[in-house]
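Report on one structure; see the data block that follows.
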């Protein structure tokens, strides 16, 4: 995760919405000197969105810092995410698209949300770390594998103690401080993306078994 930023503005536009976030990428920022271009993909809370426009930050064109980032959200995006609950000040995780050759510190994430989960509990402290327990929809239960990967609000995390539709993740202080998990609360919805390996295996194996039955 490259940055966490508070929502600058969120306005409904018919069936869709317009989302404005601070320009956290650019010279002098902690996230890196490269400024996003129009049309670039950025994972916002784990959901892949396209930079639709730029606008000056509050204070006008003379204000210091990079321009704000503007995203247009479709009705489908609002239906599949918790973005309908966004409000100014809501912290969201941000990460630019991975380049070929970049270091991969977690697992491959597409930014396509598979479903909404819920935080059941948060236990721990800075010295021992935190245990977050989540509940997933029934459609994603089969992808919960101990020590497997899962994406939560864009964060690559490791599944611990899966049981039915519930599982835990261990969160260290660096992750707690550098993502929206540091401000999360029990009952809060989260975006979930299952590991692509599991989805591909599920998709391909039935076809292989069918070929074997035909003697192919």
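Cβ coordinates are placed from backbone N, Cα and C, and glycine is handled just like the others.
Look at TrEMBL and you will find 1-107, 108-205 tagged as domain 'Lumazine-binding'. According to TrEMBL, the repeat 'Lumazine-binding' annotation covers 1-107, 108-205.
Mapped onto DSSP classes, the domain 'Lumazine-binding' (1-107) shows 9 helix, 40 strand, 58 coil.
Applying DSSP to the domain 'Lumazine-binding' (108-205) sorts its residues as follows: 26 helix, 42 strand, 30 coil. Taken together, the residues in the repeat 'Lumazine-binding' (108-205) have a mean pLDDT of 94 on the 0 to 100 scale.
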